[in-house]
């Protein structure tokens, strides 16, 4: 597949799916042709990734059919590729054009509006219980996997209705110094337990790479660089250095590990084995020290975090080994 043609097709498919006129609030103003800057917001970026990947996948499928223009082998390769791609590209763009017409018939101005309606609005109504935590984690992890800053995107939405519950707990604990009648605040529950070391609970991944990756291997070098930042919840060196982004081998643990942590933490806190998190802090402290502070200087949250990290190491370990094996095969190819 020609990379340049595939890239141009991905851009073209995206622009086919978005409206190309701008309406002004002033009724006297004319409608002009162009693209609103809102189409390039995080919603637009997310939509663009979906459209781009789907367009290229369809292009690859159509290119394997018999309905292509094949030039003689004597013509230059770039000319051959251009003519070969004409019909598959037209088929892909036609499908996206029909999809846009279908969306407009359903009352959606664009695919971006559909995603905002189907994804974001339900997120605002799922509440503050375990189902809400699971939905938020899934969205955050998928966005990170696609290369978007999942934390900034998702938490910009949910913090408006999650933070007040936590602040209520902080005020109640400051007044009574008691953990009785303290609700589970999903924002701290998610950040402290589900995302130990950063999104994806990558502190366990770092330890797994240090243990199971061989000396001199890429995974071990990434782990060495990421260890200190990971202690403070900074995990971009792992996300983009391993990488996690668009790495199919790491997709399963990337989703499963934080969900496992969240469910375990929610259950043991609900039954009273671990005290709820009740102190407001900056979030920049080392991970276990931060857990100790958030737990009102109680050790049970720290013990839970340590146990979760141990489980995380073994959950990530098989995939670290698989990723290392894949890296060797690619290097040998």
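Quick reminder: no glycine exception, Cβ is built from N, Cα and C everywhere.
Given the ranges 153-171, 172-190, 229-247, the record in TrEMBL names 153-171 as transmembrane segment. Remote same-chain partners of the transmembrane segment (83-103), defined as residues 6 or more beyond its termini with a Cβ less than 8 Å from a stretch Cβ, comprise 2, 5, 9, 12-13, 16-17, 51, 55, 58-59, 62-63, 65, 67-71, 109-111, 114. Among 191-213, 251-280, 292-317, 251-280 has the largest number of CB pairs under 8 A with the transmembrane segment (153-171). Sequence-remote contacts of a segment are chain residues at least 6 beyond its ends whose Cβ falls under 8 Å from one of its Cβ atoms, and for the transmembrane segment (292-317) they are 173, 179, 188, 192-193, 196, 201, 203-205, 207-208, 211-212, 253, 256-257, 260-261, 264-265, 268, 273-279, 281, 285. Sequence-distant contacts of the transmembrane segment (251-280), counting only residues of its own chain at least 6 positions beyond either end whose CB sits under 8 Å from a CB of the stretch, comprise 130, 133-134, 137-138, 141-142, 144-145, 166-167, 169-170, 172-173, 179, 182-185, 188-190, 192-196, 199-201, 204-205, 244, 291, 293-296, 298, 300-301, 303-304, 308, 311-312, 315-316, 319. The average per-residue pLDDT of the prediction over the domain 'PTS EIIC type-3' (1-319) is 84, rounded to a whole number.
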